[in-house]
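Take a look at the structure below.
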Amino acid sequence: MDPKAYSEAVAALVGARHSNPFAFLGPHEGRAEGGRGGFCIRCFRPKATAVSLISAADDTVLGRMKRLHPDGLFGIDLPEAPGALAYRLRVSEGDEDRDIEDPYRFGPVLGELDRHLLGEGTHLDIYRKMGAHPMTRDGVRGTGFALWAPNATRVSVIGDFNGWDGRLHPMRAHPGSGVWDIFLPGVVEGHLYKYELLGPDGSLLPAKADPYAFQAEKPPHTASVVRGLGTYAWNDGRWMSERADRVATSAPVSIYEVHLGSWRHGGGDRSLSYREMAEQLIPYVKEMGFTHIELLPVSEFPFDGSWGYQPIGLFAPTSRFGEPDDFRHFVDRCHQEGVGVILDWVAGHFPEDAHGLSWFDGTHLYEHSDPRQGRHMDWGTYIFNYGRNEVRNFLLANALFWLEQFHIDGLRVDAVASMLYLDYSRKAGEWVPNKFGGRENLEAIDFLRRMNELVYGRFPGAVTIAEESTAWPMVSRPVHLGGLGFGYKWNMGWMNDTLSYMSQDPIYRRFHQHDLSFGLLYAFTENFVLPLSHDEVVHGKRSILGRMPGDAWQQFANLRAYYGFMWTHPGKKLLFMGCEFAQGREWNHNASLDWHLLDIDWHKGVQALVRDLNGLYAGVPALHDRDTEGYGFSWIDCTDADQSVLAFLRFGETAEDVVMVVCNFTPNPRHGYRLGAPIAGRWREIFNTDSAHYGGSNMGNSVVETEETKSHGHAQSVVLTLPPLATIVLRPDGPITRIA
């Protein structure tokens, strides 16, 4: 190394701006002070008063290193090439001498193939390489770190193991790939760390959490935690082999949506841990008859008020409730008890917190640089740049990570509409058209299709669900047929229309009958989930119970009738926690659900109703076999708006497998109400939301016999009593004499 290059390297190193420290530190040809010939070892220890070279084989002192610069650069000349010399550094700092391994004698953490595949966007197991990974190299325990930051001019690992000093452990740059890596001996699981970066202009950026970290500090702290993938011993083999049947379009899928932090609190308003949730939530879900739990996002997030929808640590289950293996335990226990686990997954945007992904290397790395493409103005968040290979790879690998490492059964993808449309929530002039001049986000579409192909191709029995609020076609149709490839789509239109209807005073419902019937015009164009989610019980919308009109009796009766309509309507079911017992106030993420309400009979009655509706849904094939098929449904009458009555049939696999559903959405009982019946003989009432068991007036029908009076296109009919504000379900009972 010539004197000029040596001087420049020393200045860059002590100034904490050297972009390639491995070219200078550690063992090298040449003299320690830059002369030609021979071999040397250099190290940089700013706080050291002396450094000696120690043989790792026999602990003998090989020589005292010379101070090459007053700021802490030391070096020693060797008579021959270090070769495979295993050495340590004995560092004197103050009154303490300690032996440390030299990170700069170890080779790269990432291989050339890994870097190439990341650049292509095809390294689907990239989380096994990027981030922090405990490992042993040449018999030395430590952690390998790897980060993608192509525009940074220096990247260092900082942590509680080096005093958060960015001068100590600058990383190796891999030109052309944007990857930086280093192996740090002695850094083990549990250590805290971040990355310190200099931007393209050499300015110091806010310290960044690791995008690929498997654990983070418990908020409000923001450091990453060194944590390996682990060797958790799963006990859910039977579930994993059978789970495909549990989420099929012909299966009775009933999902309980849960926010872990507020479902139930322990002592002193403390949220339950993952392991406590396993002991309390799972038995409750089983007792209530739900088939799956859907968790609001568990990926680490800084702001409690985002409910997890503004994540930063996409590969780290939030530390609010425990460690990663604690979350694995929760999922494992769910599976052992026959309950599936679906995660809300956020791939549409990320927050602007300084320690997160925004402006990561001093440039718009994960987001678009143009705010017309890269900013959600409504939410104050950034939009992922799906057209950048490394960003797409990051997200695809993350989706697969949860399914592989945590045995998650499905991903409910949040805010899909915001991903699909370039003009989503934007005025004219505030968005950039695609290359064809349209408003479709072609890169996001390609990303979603690829994600779905990978999920279904790699993980049999897993499912993806889209929260998509527009009329985008074929969301839940296969990619090879031109669809987006999701398994299911939330039916936001059904939810909005039916809640609008139920909020009307019964006097005016006759003018809004179409709000209940319109959904059947498109009910089978997608594989739908009917969602009453967390979004419907916040921000002044009131609780579901609070939207029901009338006095207390009518509110509860309305709610019971509505749930009866929902559970018998085509589509899978989703209910947010607390709605199953008619919580009266809006959901508050900082407070536990109001479990004390179950001391009141009306609330206890709604809880019993939901439990029994789940049992009905699972036990009557006609209510789930053909949930997504048009020939599993037929109207008897959807036009009796004057009396606010709806009647329809649900069919299973055989003509005899049929149920009749009748809804009366007024507080007036209807006596002598005639409806056509497809099967002659006796019909038994098998469910009635007006049952006294649920808090109703106990008006009903028990068993009715068909009469040979034509009605509604059928050769026979039944005459029913319709309870007030109620849904009833009937099915053939006994010998069938005629089907017509």
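Glycine is treated like the rest: Cβ placed from N, Cα and C.
Record features (Swiss-Prot):
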{"type": "ACT_SITE", "residues": "Asp414", "note": "active site, nucleophile"}
{"type": "ACT_SITE", "residues": "Glu467", "note": "active site, proton donor"}
Cα separation, the residue listed as 'active site, proton donor' to Asp414 (active site, nucleophile) (Å, whole number):
5
May I ask which residues of the same chain, at least 6 positions away in sequence, place their Cβ under 8 angstroms from the Cβ of Glu467 (active site, proton donor)?
Arg412, Val413, Asp414, Ala415, Val416, Ala417, Trp490, Met492, Pro531
Looking only at Cβ atoms, how many others are within 10 Å of the one on the residue listed as 'active site, nucleophile'?
20
